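Below: the structure, in structure tokens.
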Amino acid sequence: CHSPGPANDATGYGPIFEEEPLDIVYTKESPDRLISMNCRARANPAPTYRWRRDNWEIKLMELPNEHYSLVGGNLIINNPEEKKHAGTYVCVAKNVYGTVISKEAKVKFGYLEEFPDEERDPVTVKEGQGAVLLCAPPKRWPTEVTFRWIYNEFPVFLHPDKRRFVSQSTGNLYISKVEASDAGNYSCYVFNPQIGKGVYSKFIPLISTEEKKRYKADLVVKFPDTTAMLNYNVTLECFALGNPAPHIVWRKIGATDLPASAQVSMSGALLHLYNVQYEDSAGYECEAINQKWQDWHQAWLYVEAAPEWAVTINNTQKDVGSEHTMSCVANGKPGPYIRWLKDGYSYGKGELKFSSLTFEDSGMYQCIAENYWGIIYASAELRVIACAPTFELNPVKKYLLGANNGRVVIECKPRAAPRPRFTWTKGKEVLFNNSRISIMFDGSLEILNATRNDEGVYTCLAENDRGKANSTGTLTITEATQITVAPEDTQVMVGEEVHLQCQASFDPSLDITFIWSLDFRVIDFYLEWKHYERIMDREDSGELKIMNVQLRHEGRYTCTAQTVVKGLPAPPGGVRVEEIRDTSVKLVWNRGADHGNPILGYTIQTRDVYALTEVDWRDPLMLNILLSDADVVDLYPWMEYEFRVYATNEFGDGGGRHPSMKIKTWDAGRDPAWGTIIIGCCKEMCPVQPQYFYGKKFGYVVAFKPHDDVDWWYETISDPETRRYVHRDSSFRVKSNDFQVREFQVKVKTFNSKGDGPYSLSTTIYYPRDVPSESPTDVYSRPVSSHEALVWWIPVMDTGTGLQQYIDGYQVKYWRKYDDTEPGANRIFVPASMNQTRLENMLPDSHYLIEVRAYNGAGVGPPSEHCEMFTKRAPPSVAPQMWRYISYSGKWLYVWWHHISYDWFGNESFPLYYKVMFRKTGYITGPIYMTGWHFIDFPMPQVGDYELEVRGRYEGGDGPIRKIRLQGKASFLRPTLSLAAMLLLALCIVGLGI
């Protein structure tokens, strides 16, 4: 089948995210001085990764970048700066089947400013009155902080009680009635748990005076209308001043009781609602009561929800030209907004409908549902295919049975796209629909009232615009199979044994088997052997024996007699694993029917979790007839496997039907070392494939040391998919007598929960002490066309050992002098062994600046002097007008075209000559002739169809093509230019314009 993939590989699939980036709050006090954002996708072939910040792509491939680096799919930001690196990031995973975008992750820089240095004014209050001490917290991010108050000295914190309350919304301290013991100095302490920092204010003196009076209850902390998210917790605050200290009561408006999840704390000041649901949405009231007065407050709690999928999308394969609809439904409050992405770009909203699919519709689609509370993504691949019919996966059954005077259906289900046309033949006779025989819509052949005359070889032919295929099967008509002794209703006591009879008459040329079912569920005799046994002491009998009858065995039992042609053996049943080891298992199965021919042996097949397709089974073991169990060896430790078994007789392999349950082998220590590829001062590894992890907690240990040192440095990497490790050591100081380049020895080993594997062979890398200090000289460029140019330079001296310079290559930048900015310049990286390159994708008739720098692992060196260059004008956009004439004898073809005039003040480049290609239709190439004239003649071809193309060659490159098609009978001969012939044509004929 043909699909948009480069190799049309049915086992490939587009990226599916397994790990996506999360929101990060970074603080300048972080000891690591880096931000790591994780991204991992599963795909075949493996995906490549890119990252975007605020919808702008991060150009990770441009060397060097002192801040950004890519480790596997993870983005590492070294020495983050708020102005450069705060923002919204997404990971983009791509392979040949499509592109997907991860959910958004925000990087924000956390901070907590200090309180002002100004002294706080004292608060004077009479005993018995209420008091409010204002916190006035400083600016901060994240805004979620905790507030506490210090009493007189640090770290003596005030403990809230019935009289004293600290609002976690404002930070203010409320004292319902002041007592003499409350006098003192108070400081507001603000702690941000996400950044691990706390600050406290200047002390606020609280001065109390003697005058004891009673004051009415006065609510000063009142919760506002609040919106909570479904399944989250919410806290409502309410606090009152007064003397005596008020008592606070909570109510849910319209209900007799608070919700079951509600809890009141802090002497009534806080109402906690845990795991809120939609039914918790209501008005809530707090009432403050004392002997002088009562005060109350009401506000509403609204419950909303983040999006959650109700209907999502799945990977789909559709025929080219067919209709298709993609839809997804999400629940949430407010109702989520649905939009779509295709290969990472906006593609529509609501429901996607395709009236006629094309190959361009193939790709990775993402349905996005979002509302105020969140956003969710669903990804799926749509693959549009066109496929010539094939019966490779589903051929017509080789041997077919039909009952005399019965209905026979021969299935024909090839894989094909678009839907094929079906034709059936019996032998050499083409079959057509009639009263007894009909070709069904799905291609199956139906025969009614079958007789012996219908026996024979039947062939299904399927054909579409991509090709055709056929498959053949042999139909045999036999006497109908009939139940002669049917099971009877039976009553039995629990724990007893019962036998149900079943006998059938059948054609002696066939093999028969009996299938029993309970309430339409087929009984598996291999899994339920403790209670069920099938007794087949006679060929025409399939008696059912039920042992130790239980109440669950009660029901309607059905006996089905099924006949098959003698031939291939039936699949073995009850395939199961009884013993599990690290690299082997013990496999057990029950023998299947031999269908009248002795079984010669069994084959065991294995499939691990990383098999690309469902038919990707391996054949590790062949057994003789006597065995019904075996040890399967040479398995991978810590790997998920399933097994199946098929039997073989003289007719061939019977095939496996039901695999065993999936099992995982035990873990084991790592044995093989894994090779590494070392590039520059960064170590890039070929990661170990998952089947070689051999256990849990798999990772790498990277060991490295300066070439002349004895002691190794070690770094542990816990991510099993890591390909690259960058080491930074602030304690390393370059000595004045060090070479420009230092040699390092590097080796890598793997480990898991069972232990370490051996180290790989050591590899030498070169660590440059500093960036190149010299710039390339004598940069020279020459335009080749309107879009290309060549550039040369004298290279920087490189000794290779680091006495002067050590470089990895050159960076060439080029941009338009007056129309582009230098940061947006095009860049090309050239190996150190080359001192020239070709510049592409330039604009015509433009003034360019070109700059060359040397670079190594430490960065780029100083720039060369700018080289200025003008690209050539573009060739004309219109092809030359062309005419043709065939001679009276039919042996010569004369072709001429307009000579293109040149405008010295126009935007088109100067014409140089013309190219004429004469080729046979269907061929890509043919002889090319170049001429400065605007005419040419050819011997007229006598056999076959030909095409003649003419295009101009200009300073700015090749112009557009003008083409004519010819039908003739002669072979192609070498053309000649004839000025006399063209003058004769100009005087005597009227040409036919093309």
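Cβ from N, Cα, C; glycine included.
Keep in mind that TrEMBL annotations are predicted by a computer and have not been checked by a curator.
Summed and averaged per residue, pLDDT over the domain 'Ig-like' (15-108) gives 86. Among the features that TrEMBL reports, domain 'Ig-like' is placed at 15-108 (among others).
Per TrEMBL, domain 'Ig-like' is recorded for 116-205 (among others).
Per TrEMBL, domain 'Ig-like' is recorded for 217-290 (among others).
Annotation comment: TrEMBL describes 307-383 (among others) as domain 'Ig-like'.
The feature domain 'Ig-like' is assigned by TrEMBL to 389-476 (among others). Counted with DSSP, the domain 'Ig-like' (389-476) comes out as 3 helix, 46 strand, 39 coil.
Marked as domain 'Ig-like' by TrEMBL: 481-562 (among others).
Across the domain 'Fibronectin type-III' (571-668), DSSP assigns 0 helix, 46 strand, 52 coil. As annotated by TrEMBL, domain 'Fibronectin type-III' applies to 571-668 (among others).
TrEMBL lists 775-877 (among others) with the feature domain 'Fibronectin type-III'.
Per TrEMBL, the feature transmembrane segment maps to 972-992.
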Of the residues in the domain 'Ig-like' (307-383), how many are helix, strand and coil by DSSP? 3 helix, 50 strand, 24 coil
For the domain 'Ig-like' (15-108), name the stretch out of 116-205, 217-290, 307-383, 481-562, 775-877 with the most CB-CB pairs under 8 Å. 307-383
